[in-house]
Amino acid sequence: MKTLLVFDFDHTIINDNSDTWIVQCVPGKKLPNGLQNSYEKGKWTEYMGRVFSYLGEQGIREEDMKRIMIAIPYTPGMTDLLHFIGQNKDSFDCIIISDSNTIFIDWILTHANVHNVFDKVFTNPAAFDSVGNLTVQNFHVHHCTTCPTNLCKKKVLEEFVAKQSSNSAHYSKIVYVGDGGNDLCPVTFLKKGDIAMPRAGYTLDKHIAKDVTLVDSTISVWSTGAEILSHLKLLLEH
(Lines of atoms letter the chains of each structure in order from A and count residues from 1; the text may use other names and numbers.)
(Lines give C-alpha, C1' and ligand atoms only; values in the text may rest on other atoms or scores of the structure.)
Protein backbone atom coordinates (compact mmCIF):
# COMPACT_ATOMS: atom_id res chain seq x y z
CA MET A 1 0.00 0.00 0.00
CA LYS A 2 1.09 3.54 -0.71
CA THR A 3 1.58 6.39 1.73
CA LEU A 4 -0.61 9.46 1.19
CA LEU A 5 1.26 12.75 1.46
CA VAL A 6 -0.90 15.82 2.10
CA PHE A 7 0.61 19.29 1.75
CA ASP A 8 -0.58 22.74 2.61
CA PHE A 9 0.76 25.34 0.14
CA ASP A 10 1.41 28.79 1.64
CA HIS A 11 4.29 28.81 4.17
CA THR A 12 4.72 25.09 3.54
CA ILE A 13 5.59 24.37 -0.10
CA ILE A 14 6.32 28.05 -0.70
CA ASN A 15 7.98 30.23 1.91
CA ASP A 16 5.38 33.00 1.89
CA ASN A 17 1.65 33.61 1.46
CA SER A 18 0.68 33.69 -2.22
CA ASP A 19 -2.37 35.88 -1.54
CA THR A 20 -0.42 38.59 0.26
CA TRP A 21 2.52 38.26 -2.16
CA ILE A 22 0.31 39.42 -5.05
CA VAL A 23 0.17 42.89 -3.44
CA GLN A 24 3.63 43.45 -4.93
CA CYS A 25 1.80 44.10 -8.21
CA VAL A 26 0.21 47.23 -6.74
CA PRO A 27 1.90 50.63 -7.18
CA GLY A 28 3.63 51.29 -3.85
CA LYS A 29 3.11 47.60 -2.97
CA LYS A 30 0.33 48.55 -0.56
CA LEU A 31 -3.45 48.22 -0.62
CA PRO A 32 -5.71 51.14 0.36
CA ASN A 33 -6.55 51.14 4.08
CA GLY A 34 -10.26 50.75 3.41
CA LEU A 35 -9.66 47.59 1.41
CA GLN A 36 -7.20 46.19 3.95
CA ASN A 37 -9.68 46.80 6.77
CA SER A 38 -12.56 45.11 4.92
CA TYR A 39 -11.42 41.60 5.89
CA GLU A 40 -13.86 39.70 8.12
CA LYS A 41 -12.64 36.72 10.15
CA GLY A 42 -13.29 33.45 8.33
CA LYS A 43 -14.01 35.19 5.02
CA TRP A 44 -10.54 35.45 3.47
CA THR A 45 -11.62 34.29 0.00
CA GLU A 46 -14.29 36.99 -0.20
CA TYR A 47 -11.64 39.52 0.84
CA MET A 48 -9.27 38.29 -1.88
CA GLY A 49 -12.06 38.70 -4.42
CA ARG A 50 -12.13 42.40 -3.54
CA VAL A 51 -8.33 42.56 -3.77
CA PHE A 52 -8.40 41.04 -7.25
CA SER A 53 -11.10 43.52 -8.32
CA TYR A 54 -8.85 46.35 -7.12
CA LEU A 55 -5.90 44.93 -9.08
CA GLY A 56 -8.09 44.93 -12.18
CA GLU A 57 -9.08 48.55 -11.57
CA GLN A 58 -5.38 49.42 -11.40
CA GLY A 59 -4.86 47.90 -14.85
CA ILE A 60 -2.88 44.93 -13.55
CA ARG A 61 -3.19 42.07 -16.01
CA GLU A 62 -2.62 38.33 -16.00
CA GLU A 63 0.98 38.53 -17.24
CA ASP A 64 1.82 41.08 -14.51
CA MET A 65 0.45 38.79 -11.82
CA LYS A 66 2.17 35.72 -13.22
CA ARG A 67 5.56 37.45 -13.31
CA ILE A 68 5.22 38.36 -9.62
CA MET A 69 3.89 34.95 -8.54
CA ILE A 70 6.58 32.81 -10.14
CA ALA A 71 9.20 34.82 -8.23
CA ILE A 72 7.81 33.63 -4.88
CA PRO A 73 10.45 31.57 -3.02
CA TYR A 74 9.99 27.90 -2.27
CA THR A 75 10.62 26.84 1.32
CA PRO A 76 14.28 25.73 1.70
CA GLY A 77 14.74 22.13 0.59
CA MET A 78 11.20 21.85 -0.75
CA THR A 79 11.97 21.48 -4.47
CA ASP A 80 14.43 18.66 -3.68
CA LEU A 81 11.73 17.02 -1.58
CA LEU A 82 9.15 17.32 -4.36
CA HIS A 83 11.54 15.88 -6.96
CA PHE A 84 12.18 12.94 -4.61
CA ILE A 85 8.45 12.33 -4.27
CA GLY A 86 8.09 12.55 -8.05
CA GLN A 87 10.75 9.85 -8.44
CA ASN A 88 8.93 7.58 -5.97
CA LYS A 89 5.32 7.79 -7.11
CA ASP A 90 5.04 4.02 -6.83
CA SER A 91 5.27 4.54 -3.05
CA PHE A 92 3.52 7.90 -2.60
CA ASP A 93 0.29 9.57 -3.62
CA CYS A 94 0.51 13.31 -3.08
CA ILE A 95 -2.15 16.01 -2.81
CA ILE A 96 -2.37 19.70 -1.92
CA ILE A 97 -5.19 21.16 0.19
CA SER A 98 -4.85 24.93 0.20
CA ASP A 99 -6.59 28.20 0.93
CA SER A 100 -4.86 29.78 -2.09
CA ASN A 101 -6.37 29.38 -5.57
CA THR A 102 -6.02 27.25 -8.69
CA ILE A 103 -4.35 29.94 -10.81
CA PHE A 104 -1.58 30.86 -8.35
CA ILE A 105 -0.77 27.25 -7.45
CA ASP A 106 -0.67 26.15 -11.09
CA TRP A 107 1.66 29.00 -12.06
CA ILE A 108 4.04 28.36 -9.16
CA LEU A 109 4.18 24.56 -9.51
CA THR A 110 4.50 24.65 -13.30
CA HIS A 111 7.32 27.21 -13.20
CA ALA A 112 9.37 24.89 -10.96
CA ASN A 113 8.33 21.85 -13.03
CA VAL A 114 6.87 20.04 -10.02
CA HIS A 115 3.17 20.09 -10.96
CA ASN A 116 3.23 16.41 -11.99
CA VAL A 117 4.22 15.41 -8.45
CA PHE A 118 0.66 16.06 -7.26
CA ASP A 119 -2.23 13.72 -7.99
CA LYS A 120 -4.80 16.32 -7.01
CA VAL A 121 -4.92 19.97 -5.90
CA PHE A 122 -7.87 21.01 -3.74
CA THR A 123 -8.13 24.80 -3.55
CA ASN A 124 -10.40 27.73 -4.34
CA PRO A 125 -11.29 27.84 -8.06
CA ALA A 126 -10.03 30.97 -9.83
CA ALA A 127 -10.32 32.26 -13.40
CA PHE A 128 -9.83 35.42 -15.43
CA ASP A 129 -13.13 36.96 -16.54
CA SER A 130 -13.99 38.48 -19.92
CA VAL A 131 -12.28 41.79 -19.08
CA GLY A 132 -9.15 40.13 -17.71
CA ASN A 133 -9.85 40.44 -13.98
CA LEU A 134 -9.01 37.52 -11.70
CA THR A 135 -12.01 36.07 -9.87
CA VAL A 136 -12.05 33.49 -7.08
CA GLN A 137 -14.78 31.35 -5.51
CA ASN A 138 -15.10 29.33 -2.32
CA PHE A 139 -13.98 25.72 -2.75
CA HIS A 140 -17.10 24.19 -1.19
CA VAL A 141 -19.86 24.53 1.38
CA HIS A 142 -19.27 22.87 4.75
CA HIS A 143 -20.64 22.89 8.29
CA CYS A 144 -17.38 22.88 10.28
CA THR A 145 -17.49 25.57 12.96
CA THR A 146 -13.71 25.92 13.28
CA CYS A 147 -12.71 26.38 9.62
CA PRO A 148 -13.06 29.43 7.33
CA THR A 149 -16.23 29.47 5.22
CA ASN A 150 -14.46 28.61 1.95
CA LEU A 151 -12.68 25.42 2.96
CA CYS A 152 -12.66 22.71 5.62
CA LYS A 153 -9.47 20.76 4.95
CA LYS A 154 -10.60 17.86 7.13
CA LYS A 155 -13.73 17.40 5.02
CA VAL A 156 -11.63 17.41 1.84
CA LEU A 157 -9.21 14.85 3.28
CA GLU A 158 -12.00 12.59 4.58
CA GLU A 159 -13.79 12.65 1.23
CA PHE A 160 -10.59 12.02 -0.75
CA VAL A 161 -9.58 9.03 1.39
CA ALA A 162 -13.13 7.62 1.23
CA LYS A 163 -13.24 7.99 -2.57
CA GLN A 164 -9.84 6.34 -2.92
CA SER A 165 -10.95 3.48 -0.68
CA SER A 166 -14.06 2.97 -2.80
CA ASN A 167 -11.71 2.60 -5.78
CA SER A 168 -9.63 0.03 -3.83
CA ALA A 169 -6.80 2.50 -3.20
CA HIS A 170 -6.00 2.11 0.49
CA TYR A 171 -3.15 3.88 2.29
CA SER A 172 -0.74 2.37 4.80
CA LYS A 173 -0.43 5.79 6.41
CA ILE A 174 -1.11 9.49 5.90
CA VAL A 175 1.56 12.16 6.33
CA TYR A 176 0.17 15.70 6.70
CA VAL A 177 2.59 18.61 6.19
CA GLY A 178 1.35 22.10 7.12
CA ASP A 179 1.85 25.22 9.15
CA GLY A 180 -1.35 27.14 9.79
CA GLY A 181 -4.28 27.24 12.17
CA ASN A 182 -6.53 25.83 9.45
CA ASP A 183 -4.29 22.74 9.27
CA LEU A 184 -5.31 21.69 12.80
CA CYS A 185 -8.76 20.45 11.73
CA PRO A 186 -7.43 17.96 9.12
CA VAL A 187 -4.66 16.82 11.48
CA THR A 188 -7.37 15.65 13.91
CA PHE A 189 -8.49 13.23 11.17
CA LEU A 190 -5.14 11.41 11.39
CA LYS A 191 -4.95 8.15 13.29
CA LYS A 192 -2.31 6.29 15.24
CA GLY A 193 0.40 5.32 12.75
CA ASP A 194 -0.13 8.46 10.66
CA ILE A 195 2.26 11.41 10.91
CA ALA A 196 1.44 15.07 11.51
CA MET A 197 4.28 17.35 10.42
CA PRO A 198 3.79 20.93 11.68
CA ARG A 199 6.31 23.58 10.64
CA ALA A 200 8.42 24.65 13.63
CA GLY A 201 7.34 27.91 15.24
CA TYR A 202 4.20 28.34 13.14
CA THR A 203 0.56 28.32 14.29
CA LEU A 204 -0.11 24.59 13.86
CA ASP A 205 3.01 23.73 15.85
CA LYS A 206 1.93 26.10 18.64
CA HIS A 207 -1.62 24.68 18.77
CA ILE A 208 -0.35 21.11 19.05
CA ALA A 209 2.31 22.07 21.62
CA LYS A 210 -0.42 23.55 23.83
CA ASP A 211 -2.48 20.35 23.74
CA VAL A 212 -0.97 17.20 22.23
CA THR A 213 -4.18 15.29 23.02
CA LEU A 214 -5.73 17.03 19.99
CA VAL A 215 -3.76 14.68 17.75
CA ASP A 216 -3.74 10.85 17.74
CA SER A 217 -0.93 10.51 15.20
CA THR A 218 2.83 10.72 15.59
CA ILE A 219 4.06 14.34 15.55
CA SER A 220 7.25 15.30 13.73
CA VAL A 221 8.15 19.00 13.61
CA TRP A 222 10.09 20.31 10.59
CA SER A 223 11.86 23.49 9.52
CA THR A 224 13.09 22.64 6.01
CA GLY A 225 12.18 20.28 3.22
CA ALA A 226 15.38 18.33 3.94
CA GLU A 227 13.94 17.14 7.28
CA ILE A 228 10.74 15.95 5.61
CA LEU A 229 12.85 14.23 2.94
CA SER A 230 14.84 12.36 5.61
CA HIS A 231 11.59 11.20 7.19
CA LEU A 232 10.20 9.93 3.87
CA LYS A 233 13.43 8.06 3.13
CA LEU A 234 13.06 6.29 6.49
CA LEU A 235 9.49 5.34 5.57
CA LEU A 236 10.71 3.77 2.32
CA GLU A 237 13.30 1.72 4.21
CA HIS A 238 10.67 0.15 6.45
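From the backbone N, Cα and C atoms, a Cβ is placed for every residue, glycine too.
Features as listed in Swiss-Prot:
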- ASP8: active site, nucleophile (ACT_SITE)
- ASP10: active site, proton donor (ACT_SITE)
- ASP8, ASP10, ASP179: Mg(2+) binding site (BINDING)
- ASP19, ASP99: substrate binding site (BINDING)
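Here is what falls inside 10 Å of the CA of ASP19 (substrate binding site) among the recorded positions ASP8, ASP10, ASP179: ASP10. Sequence-ordered, the extra residues of this chain that approach the Mg(2+) site, with Cβ no more than 8 Å from the Cβ center of ASP8, ASP10, ASP179, are PHE9, HIS11, THR12, ILE13, SER98, GLY178, GLY180, ASP183, ARG199, TYR202.
Within 10 Å (C-alpha to C-alpha) of ASP99 (substrate binding site) lie the following recorded positions from ASP8, ASP10, ASP179: ASP8, ASP10. Other Cβ atoms within 10 Å of the Cβ of the residue listed as 'active site, proton donor', summed over all protein chains shown, number 22.
Of all the recorded positions listed (ASP8, ASP19, ASP99), ASP19 has the fewest other CB atoms within 10 A of its CB. DSSP classifies the residue listed as 'active site, proton donor' as coil under the three-state reduction. The two recorded residues ASP10 (active site, proton donor) and ASP179 (Mg(2+) binding site) have their Cα atoms spaced 8 Å from each other.
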